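**Q** When I checked TrEMBL for this same protein, it listed these features:
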TRANSMEM  7-27  transmembrane segment
TRANSMEM  85-107  transmembrane segment
TRANSMEM  119-140  transmembrane segment
TRANSMEM  188-210  transmembrane segment
TRANSMEM  216-233  transmembrane segment
TRANSMEM  276-293  transmembrane segment
TRANSMEM  305-326  transmembrane segment
TRANSMEM  338-357  transmembrane segment
TRANSMEM  366-384  transmembrane segment
Amino acid sequence: MKTRFDGGYLIFLLGIITLTTTVYAVWTHFSPVPYADQWDGTIGFYLRALQNPWQAFFELHNEHRLTFSRLFFYADIRYFGGRNVLLLVANVVLAGLLAAVFFRVVIRNGAPQDRETRIGLAGLILVFVFSWVQGANFAWGFQNQWFAVNLFSLLAFHYLELAGDAYRRSSSPESNALLAKALLSGSVAALSMASGLLVFPILVVQALYLRFSRRTVWLLVTTTAATWIAYFFDWKGLSGNAHLLTALREHPAEALQYVLLYLGAPAYLLSRSEPIAYAGGATVLLTFACLVLKALRSRAPAPAISLLAFALFAISNAVTTASGRLSIGVEHALQSRYTTASLAAWLALILFATLNFDSQKGRKSVLVTAVIVSLFVASGQRFTSVNSNHAAFSRRFAGLALRSHVYDLDITGAVYPLPEPLSIISQAAEQANVSIFAPDQPDYFVPPSHVTATSICDGHIDKIAATTTPGMYRAEGWIFDAGEKRVPRDVVVTDADGATLGTGVTGKEYYGALEIKDPNALYRGWSALFKAPTLITPLIVAPTSQGTYCKLQETGTAYNVDKTSAP
């Protein structure tokens with residue numbers, strides 16, 4: 001490949017901007033509170049692993065065996081307090097490794113020697129791999145399996161390609177070692193997500209294309225069968241799901257729609273246009289078909305055939321997802337979490353085309369297309385600046401509710417949709433002293449039993465309401481420490497004598513009290529939970545940076561409280 005990638009440094013800069021803004025967005029979206037599937041899939045798994053490790057690590061989560069991801073889940077709770085820090089770091093690191101493998105494939109298969117073009121291709125890879133379009137996977141501690149399954153599937157295809165090169169050089173020891181690495185990578189992919197099972201059949205197809213010996217092909221076929229049998233031992237699909245092929249057979253048109261939307265989902269999330277998403281998905285399928293024909297016409301194996309195998313993996317993933325999720329509706333394919341696979345497919349096709357067009361004009365056209373598409377994908381970084389404060393505050397308050405044994409759906413719905421199972425899991429976590437219930441957790445203030453305020457804070461109690469937990473009340477308002485020019489991180493609810501009744505968290509956007517002009521006061525809203533035997537007039541105090549407490553200036557206000565029902 002001799003075509004020069006003019007503007008390569010600018011594309012690399014775009015890639016660095018994409019990487020930086022995504023990492024920043026992961027930080028701003030951080031919440032230490034387990035969210036959604038994490039309650040059973042992380043907290044519940046950890047508690048089960050303490051009793052029966054082997055079964056817990058290999059048990060099903062929906063249709064997946066998340067064995068690889070569970071290594072991180074376990075370590076996060078066991079050694080890092082279950083605060084999601086390790087898990088979010090793992091998301092970024094695994095994405096970085098995926099980018100590195102893409103770059104390795106490109107360099108190994110005829111990338112140009114000039115520095116600018118190589119740097120430009122590296123930037124292109126960063127734009128796709130770190131696009132915030134897939135923010136749902138980057139910002140959620142339960143999602144590293146999406147990066148893992150793509151990483152290990154690409155590694156499997158790459159190692160098999162290298163094994164093919166060694167086989168044609170009659171270097172059997174090297175070929176066998178690389179083949180073993182391919183099988184190991186495929187196995188880890190299968191233990192990352194159920195879609196990883198697709199790696200082995202594709203390895204068989206790739207081996208046939210690379211003209212491996214019959215013995216190697218039969219080894220791959222046997223390994224495929226053994227892996228599938230082991231995986232589906234004691235396997236149970238989602239309740240209510242029919243056979244995987246039923247949806248494809250009975251609703252072929254809708255299934256095709258689902259596949260197109262799945263592959264074109266990044267285009268939808270960038271443009272909010274379904275027609276553009278359909279066009280994007282159709283472009284992926286058409287491009288894949290054309291590149292397959294080109295590879296088949298080649299007398300020798302096409303360079304970077306692992307990229308084409310990976311694109312087939314992503315397309316197969318779209319088909320199998322349609323077979324299992326079509327009953328939810330075709331729009332289900334447009335979720336952010338699915339775009340990790342579809343973006344990687346876009347990237348794989350672009351890179352394969354770049355490496356396999358013979359004419360300088362053809363390569364130039366591919367590179368121009370790559371630049372245009374990368375600019376389109378990079379435009380999604382505008383979403384990294386979307387305010388995530390509401391979600392972070394809602395989850396933190398939901399965590400406080402769980403610590404207070406309050407399970408009102410309008411509070412805890414921010415972290416889990418069903419109060420009853422959430423109460424069971426959270427109470428088990430509390431008994432085990434893990435995550436937000438750990439004695440040394442740093443995310444919720446634990447006040448002394450008696451508090452004496454020595455200064456005044458601006459603020460107001462807006463309302464008090466009963467919760468569904470007898471004797472527990474919910475209070476809301478705002479607070480600002482004008483002396484320190486900051487919003488206290490926590491508040492404490494006390495009675496008139498200073499006895500602690502409960503705590504609250506700040507950080508909610510508040511647009512009332514317009515007399516407060518300080519720019520630091522925007523997130524001065526607070527919500528608190530407290531326990532009281534009868535209706536009282538509570539006091540709201542807050543810790544200061546000096547180790548003392550300030551109290552709201554307004555006191556003595558009476559409130560009408562419905563003690564029998566939640567708001």
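Note: Cβ is positioned from N, Cα and C throughout, glycine not excepted.
TrEMBL does not curate its annotations; it predicts them automatically.
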**Q** Which sequence positions outside the transmembrane segment (276-293), separated from its termini by at least 6 residues, show Cβ-Cβ distances below 8 Å to it?
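**A** Distal contacts: 257, 259-268, 308, 311-312, 315, 334, 342, 345-346, 349, 352-353, 356.
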**Q** Are there at least 3 C-beta pairs under 8 angstroms linking the transmembrane segment (7-27) and the transmembrane segment (366-384), leaving out pairs fewer than 6 apart in sequence?
**A** yes
**Q** Under 8 Å for C-beta pairs, could you tell me which stretch among 7-27, 305-326, 338-357 has the largest tally with the transmembrane segment (85-107)?
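**A** The stretch with the most close Cβ contacts to the transmembrane segment (85-107) is 338-357.
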**Q** Should the transmembrane segment (338-357) and the transmembrane segment (7-27) be scored as in contact, given a threshold of at least 3 Cβ pairs under 8 Å and pairs 6 or more apart?
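**A** Answer no: the transmembrane segment (338-357) and the transmembrane segment (7-27) share fewer than 3 Cβ pairs below 8 Å.
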